[in-house]
Amino acid sequence: SVPRCYLNKQLATVRVLKGDPAELSCTVSKDNVTGTWFKDGLKLTSMDGVVFEKKGLVHKLIINKAEDIHAGKYRFEGGDVKTEASIFVEDPPQVDKVLLKNLTSVPTVAKAGEGVKLWIPFKGRGPIRAAWLKDRMELGDDTRIRVDKTDTCTMLSISSCNRRDCGDYKVRLKNDSGVLEINLKLMVIDKPQPPAGPIKIVESSANNITIQWKPPKDNGGKPVQRYLVERQQVGRNDWETLGETPRSCTSFTTSKVEEEMSYYFRVRAVNAEGVSDALESGEVKAAGKASPGAPDPPEIISTSRDTITISWKAPCKTGMSQIMGYIVQKRKKGTVTWLPVTNMPIKDKKLKVTSLKKGVQYEFRVAAVNAAGTGQPSDPSEPAFAQDPSKSPGQVQDLKVSSSDSTSVTLIWSKPEVQDGNDVKGYEVEMRPWNSLIWTKCFTLPAESTSCRVQGLQAGEKLFLRVRALSDSGPGEALELEACAGPAAPVVSPRLLIDDTVKSFLVIKAGNPIQMKIPFEGSPKPVVTCLKDGLPLPSRAAVSTEDGSIQLLLRAAEFSDSGTYTVELGDGQGRKETFSFQVQITDIPQPPGAIRLEENVPNTVTVTWDPSSSEQWEKNLYYTVLKRESQKGLWHVLGDLIYNNKFTFTRVVPGRDYYFRVVAKNDLGASDPSETVQPWRIWKKKAEFRVKAQKYRGVNQNQPPRFLVPLKSHVVVTGSECQMSCAAGGYPLPKITWYKDSRELSGDPNYFCRNDFGVCSLVLLGVTKQDEGEYMVEASNEVGRAFSKAFLTIKGNS
């Protein structure tokens with residue numbers, strides 16, 4: 001809407017964006033009043049871009065396109081009316097919309113160690129303050145980061161990127177007219193961090209050593225591809241490569257060990273950017289053939305203020321001789337040094353450790369001893385505090401079956417009553433068949449959960465279930481009940497429920513996920529098989545059947561994923577139902593290749609170009625050809641939906657410069673353009689003019705300019721060509737000057753002016769709404785001046 005100010009109603013301020021129209025109006029009491037407009041105290045008779053209008057009692061000052069010169073204080077005087085208003089022209093910071101979309105929609109990717117520059121040009125009234133922010137903190141210059149700014153652009157430079165530079169950045173452009181904020185994302189890729197440690201020794205025997213580690217905490221922005229494993233014998237300097245494992249495997253077993261020999265191991269992670277630093281193990285000793293294996297971790301039996309009682313079991317591997325006793329060691333939690341509990345091996349498999357500090361948390365481990373020596377120590381026990389025991393939690397309440405079906409039973413219960421501040425830390429659920437006395441653990445649940453679903457049952461199966469509360473002092477007393485699974489569900493033939501929500505053709509952008517959800521019914525649960533082009537799906541695909549629907553997911557689509565996908569639903573007895581759908585993987589096209597121009601036919605130009613590389617995978621790709629007639633003019637479409645690499649333009653005007661642009665398009669959008677750099681021109685042959693000189697009459701022939709044929713108003717359609725002409729006489733031959741809305745058009749490349757011996761013409765190519773207005777031609781010589789005016793009206797395409 002046009003900003004308006006009605007001066008009579010005391011609305012004395014108009015704020016308008018630069019380039020937008022504005023209007024001031026004032027109503028007088030009599031129709032015959034002649035009003036006068038003033039700006040900043042000076043009387044206005046004419047002004048670029050300003051039109052004065054009077055309709056009845058209303059006097060208007062209309063600004064077609066607000067510029068900085070239009071800002072100021074305006075006053076209207078007419079009859080008994082005298083009032084004022086102010087116009088403020090706002091020019092907030094702006095960034096090109098195409099550039100803004102490219103910057104905000106796609107992250108900027110850089111490699112670690114390389115430099116990156118983020119450059120943003122802008123326009124708007126100065127001074128414009130530009131600030132770069134990361135994590136809400138403004139960035140300043142330091143040894144790596146530099147922020148530069150000119151009157152028209154700002155740039156963030158990072159000389160050597162690292163992973164800490166990843167994240168969301170914000171550019172804030174601000175002047176006295178407003179603020180523009182742009183959100184950017186920077187991604188820095190690097191080699192991974194070392195695998196997470198420590199390296200755990202899963203097995204150490206005379207024949208094998210198995211180690212285990214965890215994936216790196218930071219993969220460098222690229223998936224880990226594999227792990228490299230090396231070994232060094234204690235006492236030597238060289239490292240030996242043992243092998244590698246795929247990214248899904250974080251353990252390694254080597255049989256290249258010698259009895260009683262000690263080794264160090266190290267592991268490196270590898271991604272597409274390189275190899276990480278190494279994670280190294282401590283010293284690992286290969287056990288002797290007769291040494292016993294490691295027992296299971298000791299269990300905590302009881303605690304007191306200065307004692308902890310532990311017990312353990314004999315190791316599975318006892319070696320070549322009978323176990324003579326056990327070495328027990330302790331350490332404070334969080335330390336690395338193990339201290340002996342006894343000086344001599346003990347024969348019993350239970351020990352009360354005394355002289356402990358109250359309130360300190362301890363861990364214990366045990367090693368078996370036989371005639372060959374001491375075996376490998378066990379893994380540490382669970383940490384325990386040296387403190388007096390507290391009471392176990394009470395029994396859960398209101399245990400009952402809330403629902404059941406043919407394959408499951410759902411239990412609910414209430415928390416036990418709190419006893420002496422002994423808080424419940426969780427629950428343990430166990431089950432046993434009705435014809436067995438052996439209980440099997442089903443779940444260990446957090447304290448917030450007071451329900452669970454026991455699945456995998458047979459229709460009508462009877463069983464016993466029990467639930468007990470857990471706390472730091474141990475398990476509470478269990479509450480038990482008898483339950484029964486529901487009867488078998490009725491047999492329902494497998495059937496795919498295809499409706500309007502299930503599409504048979506999908507167009508997916510490369511990199512986006514492929515997702516298909518197909519509802520079905522069937523009882524018992526049918527067998528689901530998914531195929532692509534008649535073959536099994538790639539390993540990246542995930543298929544699940546939950547809540548009565550089949551879900552197919554490929555997280556990052558590749559061009560090779562295009563094809564026909566088939567879902568088969570069977571009952572295991574030969575009856576099947578199938579559904580097939582097509583998947584087309586596409587992407588925004590790549591730009592066309594180089595453009596070539598030829599004049600095969602006089603006064604025409606044939607535009608040819610190398611095809612876009614996207615033609616290899618995009619079946620629906622086509623091209624659009626555009627042209628403009630000056631370096632800063634508007635682009636106009638010459639041809640669209642072009643499915644070859646050639647187009648001929650026939651409406652070439654000799655003597656004009658043409659620039660051409662070709663864009664590749666598909667259903668997802670348009671590529672970057674390919675353009676000609678040098679202008680194309682067909683040289684115009686100069687016409688020969690013959691002038692017959694008049695005979696000298698011996699009198700003064702000087703005549704002031706006059707218009708033999710005046711300008712006429714025109715109404716044209718947007719995008720068409722308009723030619724305005726007139727004829728002027730006078731002696732000496734008058735100089736012709738064209739104006740639009742009081743602005744001289746000389747030197748404007750969007751207008752073509754000609755004067756052929758008094759016949760004057762102004763040509764506008766591809767008119768737009770901005771070309772509408774009052775045009776005036778002035779003829780002047782040393783004797784006088786003459787003017788002719790006309791109005792150009794632009795109508796939109798219907």
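Placed from the backbone N, Cα and C atoms, the Cβ positions cover glycine too.
The compositional bias 'Polar residues' annotation in TrEMBL covers 389-403. Secondary structure by DSSP for the compositional bias 'Polar residues' (389-403): 0 helix, 7 strand, 8 coil.
What TrEMBL records for 3-74 (among others) is domain 'Ig-like'.
Per TrEMBL, domain 'Fibronectin type-III' is recorded for 194-289 (among others).
What TrEMBL lists as domain 'Fibronectin type-III' is 294-389 (among others).
TrEMBL lists 395-489 (among others) with the feature domain 'Fibronectin type-III'.
Look at TrEMBL and you will find 591-685 (among others) tagged as domain 'Fibronectin type-III'.
TrEMBL lists 705-793 (among others) with the feature domain 'Ig-like'.
Positions annotated as region 'Disordered' by TrEMBL: 283-302 (among others). According to DSSP, the secondary structure content of the region 'Disordered' (283-302) in residues is 0 helix, 6 strand, 14 coil.
Under the heading region 'Disordered', TrEMBL lists 372-403 (among others). Sequence-remote contacts of a segment are chain residues at least 6 beyond its ends whose Cβ falls under 8 Å from one of its Cβ atoms, and for the region 'Disordered' (372-403) they are 204, 285, 287-300, 302-308, 310, 312, 315, 317, 319-321, 327, 329, 331, 333, 338, 356-366, 409-420, 422, 424, 427, 451, 467-479, 481, 483.
Contact check: the domain 'Ig-like' (3-74) against the domain 'Fibronectin type-III' (591-685) gives fewer than three Cβ pairs closer than 8 Å, residues 6 or more apart, which falls short of the contact criterion.
Residue counts for the domain 'Ig-like' (705-793) under DSSP, split into helix (H, G, I), strand (E, B) and coil, are 3 helix, 56 strand, 30 coil.
Counting residues per DSSP class in helix, strand and coil order gives 4 helix, 41 strand, 50 coil for the domain 'Fibronectin type-III' (591-685). Predicted-model confidence for the domain 'Fibronectin type-III' (395-489) is 86, expressed as mean pLDDT. Secondary structure counts, DSSP: the domain 'Ig-like' (3-74) has 6 helix, 35 strand, 31 coil.
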